[in-house]
Protein chains: 2
Amino acid sequence: MSLPTRPLDDDIAIARRAKLKPIGEIAAALGLREEEWEPYGRYKAKLSLAILERLKDRPDGKLILVTSMNPTPAGEGKSTVTVGLGQALNRLGKRAIVALREPSLGPNMGVKGGAAGGGYSQVVPMEDINLHFTGDFHAITTAHNTLSALIDNHLHQGNALRLDPRRIVWKRVLDLNDRALRRVVVGLGGPANGVPREDGFDITAASEVMAVLCLATSRSDLKARLARMVIGYTSDRKPVTVGDLGAQGAMAVLLKDALLPNLVQTLENTPALIHGGPFANIAHGCNSLVATKMALKLGEYVVTEAGFGVDLGAEKFLHIKCRTGGLQPAAAVVVATVRALKMHGGVPKDRLHEENLDALRNGLANLEKHLETLDKFHLPAVVAVNRFYTDTEREWNVLAERARERGVPLAFADVWARGGEGGLELAEQVVALAEGADRRGTVRFLYDVNEPLRTKIETIAREVYGADGVRYTAQAEKQMAQIEANGWGRLPVCMAKTPYSLSDDPTRLGRPTGFTLTVRELRPAVGAGFVVALTGDVLTMPGLPKAPAALKMDIDDEGNVYGLF
Amino acid sequence: MSLPTRPLDDDIAIARRAKLKPIGEIAAALGLREEEWEPYGRYKAKLSLAILERLKDRPDGKLILVTSMNPTPAGEGKSTVTVGLGQALNRLGKRAIVALREPSLGPNMGVKGGAAGGGYSQVVPMEDINLHFTGDFHAITTAHNTLSALIDNHLHQGNALRLDPRRIVWKRVLDLNDRALRRVVVGLGGPANGVPREDGFDITAASEVMAVLCLATSRSDLKARLARMVIGYTSDRKPVTVGDLGAQGAMAVLLKDALLPNLVQTLENTPALIHGGPFANIAHGCNSLVATKMALKLGEYVVTEAGFGVDLGAEKFLHIKCRTGGLQPAAAVVVATVRALKMHGGVPKDRLHEENLDALRNGLANLEKHLETLDKFHLPAVVAVNRFYTDTEREWNVLAERARERGVPLAFADVWARGGEGGLELAEQVVALAEGADRRGTVRFLYDVNEPLRTKIETIAREVYGADGVRYTAQAEKQMAQIEANGWGRLPVCMAKTPYSLSDDPTRLGRPTGFTLTVRELRPAVGAGFVVALTGDVLTMPGLPKAPAALKMDIDDEGNVYGLF
C-alpha cells in the first residue's frame, strides 16, 4: 500500500538501497540468546517459543493497535503507518517492535503490489516476504490438505466414523488466486479413486488452520485447537472433528516451524515480527498471538495492525485476539486519509484527487463514528492522517481544526516519503496517550462470551456499526439453533461484513443510519474458537484479473526480480 | 531405506545423537565464501549459482553413480550405500560429497519411513529433510499451480490463444498422497467460477516443473525450458506453450530460491547436496544437474544415485542427465542384496529371510544383466552387497566366489550398522576403478538423439532390457506421429516401466527373455527435454493406505517429532 506525499522511487528501488543489518545483530539487540533463533537466509530468522518461557516474568511492553476508518478499496496505508510509527518510536528512544501479518502469495500474482508497507516505511527483505518467506503459508496449506486427504481416504477405506460425504465442511486450500477451484467435484474415475463428492478450494489465508495457528498459545494448545475443528457431520447431523479422525498430531508436526514467529527488520532496522495472516472477514485478521506476546516481552512498544477498519479489525482484535490472549492494548491509531474522507463525503472514485472541503467535512462523520466506538472499548485513540501528494494544505487545515474543536488527538504522518522521521509527531502523541495514564487492565469488552449468539451479534451491530437491529435469514436461524445445540454458542462472534461501509451495504458510505444488518449464514470455527456471522457473500478464493501481474514478472541471471511490486 | 546387518536403534534415535557441525563450517571446508551460501536454520544452507561461475575453470571431481539390480518393493538401500560410500571415501582421505534427491512429503504421511539414508549412513537434519526442508517442493507446487490458475483464467477471460478446454494437458499438483484428486472437474458453479472442464492432480515430484528445474543449467535455461512446456492444444491440434501464455517469468520468480542447491551433512559430517526430486518413471529420477555440477567443482569425489535399477535409473542418468549436462561419470556402484537376489531366483517375499543358496545363484542372472548393460555404456562397475542381518555367511561366500570367477569387482558394505567404516572396502574398489584409468570422455551412449523415436525406444528395449522387440498400441502410434510432426522427435526418450522386472511385466523376475515390450502411450515433456514412453499404468498421484502413518504422528511441547520415521 503506498500513498506518497509526492511521487518517488518505487518500493523495490527503495528497498534495494536499504542497508540491512545481519539478522543476528537484530536478534542480539533484542537480547535474544544464540540458541533462541534460527537464521533463514541472512536477513530472516525464526524465534523459539522458549523465549516466552524465559521471559514470562518480565512485564509486557505497551501494545499499540493501528486501525483505520472504513477504507477505500485501495486501502489507506495502515501497514505503512504501522512500520513508520515503529521507526518513529525508535527515533524517540523507545525500543519499538513492529508486529505484522504475513502477506498471501496468491494476490501478488493477480494485481501488482506486495504487502510489506511502502516507500520509506517497509519491512525487508520485501521480495522474500512477498514470495515464500519462511514457508509458513506452505506449511499451513500442507497441513490443511493433509487433513483433506485423510478425510477422503477415510471415506474410501470404509468410513468408520460414518461421515456423510454430502456434509463434509472441510474444503481444500491453495495460496493462489484460482477461481476455477472454487467449486469442484473430486473422487471421479471409478472405485480406485475414492468417493465422488462436491468440494472446493479456498485461499490459504481463509483456512481455519491459519486462524488456529494465529490464536494458539503453545504447541499443546495448537493441537487441542486442531483437534476441535469440525470436518463434517454424520447423516444424523452429529459433528465429526479432527480429533475423532486423529489427525491433529500429523498436522502439528507439519506446523512445527510455522508456529514460530519470524523476525525481520524495517528499512530503518527496527525489529519486525511478521507472523500469520488470517482473512479479515471469515477470520479475525490479526497477526499471530505468539508473535504479539513475544514482541511484548522484547520491546517497550509493540505496534501492530488489524485488517480493514475499526468496525471489523479493531472489534475482532479486541473481542477475539485480546480476549483469547489476555492482551491489554495501551492505545489505538486510527489511520485516515483525505482521499477516503472525501469518498465518505460523497466524491466519486475518479475525482478523489481534486480538492473538496465540503466533502471532506461530510466524510468526517465516518471517522468520528470509529472514534466513538474505540471510546466504548475504553481505548484511547489518536487519528493519523496519512498524507498523500494530491492532498492540499487547506484540506489538512480543515482536519486539524476539527480535531482541535472536538479535542481529538490528531497527527499528520508522512512515513511513506520520510520514514520514521515523518512519523515523529504521531509517535509523540502515541507515547503521550500510552504513558499519560496507566492503560493496563482497562479495556472494556462490549459483550460477554456467555451471552447468546443473538445478543452478541446484536451488540456489535448496534454499538459498532450503528445499526437499528439485526435480521436473520431462515438459513442463519437454523444454523444458529444447530450451533447452540452443539454447545458452541458461548464462543465469541467473528463478523464477516463489507469493509467499505459501516453497514452491510458497501455503497452506503459516511455514517449510515436507519439500517438493519442482515445475517445470512453462521459458520462454527470451533478450533479457532469463534462463530463466523456472514452478512454478505464472502469470496474465500479470489480470481485473477484479465491481465494478471504474473504475466509481467521476470527474474534475471543474478536473481533480481522484476514486476512483483 | 534400512537393511541392517543386525537390529539396532531406529534412524531417528541415531540421528538425534549425531554431533552436527554448524553448516557454515561445512561450507567453509568446501572453500565457499561467506556470500556464496545462505543459512536455513543452523544446519542447512542454500548455495549460490555464482559458485559455478567462479570455479568454472577448476577441473571436475570424479562422479560415481550408485545404482542397483532390479529392486524388491522395499528397495535395496541405495541411498544408504550412497551416503555410506561418501563417508567411507572421506575416511580414505578423499574429499567426497554426496549428491541426493530431496524426498517427497506426501509418501511420509502414508507409509512410515523417511528417505534420507538409514542407520549410521544418514543425511541430517532428517526431520527437516523429510518435512518441508528448504521449501523447494512447495515452490515447485506453487509455480506449477500458478500456471494452472493462469490457464483457467485465460479460458475465463476470453481464451485469446484458442486453447481447447478438452485438450489441456497441464494438470495441477500437490505434494501429498491424495487419490481423490486424481480425477476432478473444475470450474463448476456458474460463469463467475471459470470454464468447467475435466482436470486432475499429480504429486509434485511428477510435475514437469520438477524435471525442468533438475535439468536447467542456469536461470535463463530454466526460463527457456519453462517457456517450451506444452500446456495444451487448440481444437486444430496446434500446441500451446507456457511461452505463448507468457508465464515463464512468474514461474522463474517463484523458483528463485528453489533453483539453488541445498547443503547439509551426513552423520559423519560429509557434505551432502540434496536438491530436486523428479519421479523415476515419467521423469528421469535424478537430483538436480546444478547440484551435481557444483559438487563436481567442490569435491574430489561426488557420489550420486538415480531412481530404481540400472535399467531405469542408470540408463536415464546417462542418456538424459549426463547428455544434457556433459557429465562424465567415472564409475558405477551396483547395489545388490542377498534378499533381492533370492527373490529374483524364485523365492516368495515371505521367505526371503531363509537361507537359499540355489535361489541366490539363480538370481545372479538379474545382477549380471545389469553389469553387462553398464559395460555397453563403457562405465566400469563394482557390485556393492548391502548386508542384511538375515543374510548368512554361506550366502555371502557364494557371491564372493561367483565374483572372483567372473572377474567382477565386488565389495560387502555394512554402512547401515557401521557408517563409513562399513564402506571402506567398497570405497577402495571405487577409487581403484575411478583412478585406475582416465575415465573422462569415455562413456558411450547407446543411441543418438537424432534417430527416430522408434529406433531410440527399440535400442533401449533390446540393449538394456533384453527384449526381442517393441509393440506399440494404436494410441502410442498416433502420439508418436503427432510428436514427430510437432518437431519433438529428436528429444531423448524417458522410459516409464515397472522397476521390479527387466521386462514390462512386474512378475517376470530374474533375467526374462523372449518378451516384447509394449509401449502404450507417449507424452512429450518438451521443457524437460524428453519424450516419455509409458509401458504400463503409472500412478502419478499415490493414495494413502488403510492406516496412514500420519495418524500415528505427534510432536511434544519442545518440538520433538514422533512417528515420522
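In case you wondered, yes, glycine gets a Cβ from its N, Cα and C as well.
The ATP binding site annotation in TrEMBL covers A:Thr72, A:Pro73, A:Ala74, A:Gly75, A:Glu76, A:Gly77, A:Lys78, A:Ser79.
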Lowest local Cβ density (other Cβ within 10 Å) among binding-site residues: A:Thr72, A:Ser79: A:Thr72
Helix, strand or coil at A:Ala74 (ATP binding site) [DSSP, three-state]: coil
Other CB atoms within 10 A, centred on A:Ala74 (ATP binding site): 15
Which of A:Pro73, A:Gly75, A:Gly77, all binding-site residues, has a Cβ with the fewest other Cβ atoms inside 10 Å: A:Pro73
For A:Glu76 (ATP binding site), the number of other Cβ atoms found within 10 Å of its own Cβ: 26
Count of other CB atoms lying within 10 Å of the CB belonging to A:Lys78 (ATP binding site): 26
